[in-house]
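Some features that TrEMBL has for this protein:
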DOMAIN    53-368  domain 'Cation/H+ exchanger transmembrane'
TRANSMEM  69-90  transmembrane segment
TRANSMEM  136-159  transmembrane segment
TRANSMEM  165-187  transmembrane segment
TRANSMEM  208-226  transmembrane segment
TRANSMEM  284-305  transmembrane segment
TRANSMEM  317-336  transmembrane segment
TRANSMEM  348-371  transmembrane segment
DOMAIN    427-549  domain 'Cation/H(+) antiporter central'
DOMAIN    564-705  domain 'Cation/H(+) antiporter C-terminal'
Amino acid sequence: MASQTMNASANIVLDSVGNRTLVCHDPHKISSNGRYNLWRITFRTCSICRSVAVKMDPKMMIRPGWKPAILGLSAVFTTLVFSLLLAFALKRYASLDPSVAKPLPVIAAAQCLLSFQNVASVLTELKMIQTDLGRLAVSSAMFCDLIGICFMASSFAVLQTSGDYPMISVLAILVFVIFVLVSVYIIRPLILKSLSLVPEGRSIGESHITAIFTVLLVVGFISEMIGQHFMFGPMVIGLVVPEGPPLGAALTAKLDIPVGKILYPAFLTASGLKTDIFCIHFQGAWTVALIVFLSCVVKVGAVMLPACYMDLKIQESFVLGLMMNVRGLSELVLYNLFLDVEVLKPEAFALCVVSVILVTAITTLLIKLLYDPSSRLTPVRRRTIQHCKRGTELRILVCIHNQENVPAMVNLLEASNATEESPVTVIAVLLIELVGRANPMLIAHQSHRLLQPSSSRSGRIINALRQYELCNEACVTFQSFSSISQFDTMHEDVCRVALDQNTNIIILPFHKQWEIDGSIGSVNRAIQNMNAQVIEKAPCSVAVLVDRTTLRGSRTILNGQSSYHVAVIFIGGADDAESLSYAARMVMHPHVSLTVFRFLFLGSDNMRERKIDNNLIDEIRHVNIGNERFAYQEEIIRDSVGLAASATRLGGSFDLILVGRNHQESPLLEGLGAWIGCPELGVIGDMLAEPDSERTASILVVQQQRLKGKVMKRISKPVVIDQEPFHAT
């Protein structure tokens, strides 16, 4: 007796013959268990592998440096050996269900793998990818990716033949190697040749994108034909695609929405549908949990041991081990592939997916709790202009976003008065927003690198800054770095370079640029946010330069001018003391004149702070006795209205006005903070930076070094302004 029924929605035929039931499934339909037809699976997985691979840097995979290489080798092979030994021991001596026991060595071997995409994604979310540990972890993960790709290519070559034909497996591996060589030495040059026909600065056409996607599907088919899984072909093509614009950037932009917003969530959903947690038994759960837990512990230890010999602290070594235990998309892709080729059964697959979720959640939480990147940016000594010792160089870090920032920066540097007795070292950091392979991994390799002049925009900026060095060859040293990252994390690069280079002050560009009529020409909120972060976390003094050189009808550098008029607005406090100390150095330049305006409150005041300020001003006035380019004025102010009126009238008489960002508590400032528009400039700086065609002076808003966010205790220290030392706080 035979009966036959059909499910029209899924096109499933059930044919019962005796006590047997035959199930026929149409592969072109979608069934309730989450299975997709072949072409959708192929395109989805190929696209995901291709947006992943296009963001990888093959050069860093092959030449990672000795530290990442040692960490990667130790993490992979130590974990692999231990996990396999444990898996074989459990398989032999523990009573396990065959569906769990058989894939146990495969599950154990998978614990040694490490993906840069997982590490980079998690560290980006935690805003740690630009830290020293973040860079080291991502570099190590990328090298581990190279090992993993080789391992998986070999494994799938064996799995495709079920391990019964070793010669065929070896042949499949050799053919895959040939495919890689063809991709590197034939396909990549062809891509480069076609891109050379695209004019510089122009985007590529849709024909290039269509051709790449066509090649994407073709190489996936070729991968299957040569005995590999179809995902390896798109991954190799993604690696050989040239980084950055025009092609790398265009592909990343094209794939961001369809892959990141559609295919990737669909893949996660499909993985979730395949994960049947109700089929998990206690025996299998504790076995896999034991392997995963001990593998994580071993990997942490395998990373910590060499890391300690690399002069990392024990806590940092432990955190680095946690970073290299992060799981994510790569493991899910791997487990899905194992499920497709029936290496994993439903119970084992569910256990693996659950382990990915738990390990990532726990390691991410521990990393966030145990590692504070800002703690490494805390200096152990004063780094200010005011406390710079006699005979030492003044080290200034200038941040450049575009070429428009250069003339005002050069004027400021020239006014800093570099001499043979007190030289100046300029560290230029170019702020370059991450484009092209816009992925956080690039930050670990390309930011914080020395730039060389070239025909690019960066080269023109560097060449313009080098003119200042050439004009002061005997007393100026120049270095240049680039911060290639997203603006929301760029402040970490700036602060790190400032710490490493022992700078005394950081000069930041203001986020607004002026038109010639005094109106605001452009506003960059990303720069403003970066400035605020640098001001908060800087390991030295920091200043924001509001550039108004366009309003004075001249873009020439200081050497071409007969005189450069500088003013200081002094109310009191550490920040005003720092700005005055900087100006006191400037007035020693033969082409700089300085006028100090001190505003005093008519009434009670902090007598201790007033005494410290008096000592500083008296010393500066004493040093400048007989200097016709130095002037000092005091004005008694009754209230904040009088202060605002007196300060704003100075805007049209000087080339540069220096003012402290914060001031000691005074009734003069009451009510002014309620109207502030740019908090990074402080009350007076914000007032001076208001759009006004009559105010043509550039403004330098200075904040003296903070220690852990607090103002340093003001004590008497020797201060040098290129003559005899004087004492002030």
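Quick reminder: no glycine exception, Cβ is built from N, Cα and C everywhere.
Here the transmembrane segment (165-187) has Cβ contacts under 8 Å with residues 153-154, 157-158, 215, 219, 222-223, 226-228, 232-233, 236-237, 239-240 of the same chain, all six or more residues outside its ends. In summary, the transmembrane segment (317-336) lies against the transmembrane segment (136-159): three or more C-beta pairs, each 6 or more positions apart in sequence, are under 8 Å. Proximity of the transmembrane segment (284-305) to the transmembrane segment (136-159) is not established, fewer than 3 Cβ-Cβ distances being under 8 Å for residue pairs spaced 6 or more apart. Summarised as a single figure, the pLDDT of the domain 'Cation/H(+) antiporter central' (427-549) averages 75. Under DSSP, residues within the domain 'Cation/H(+) antiporter C-terminal' (564-705) fall into helix, strand and coil as 56 helix, 36 strand, 50 coil.
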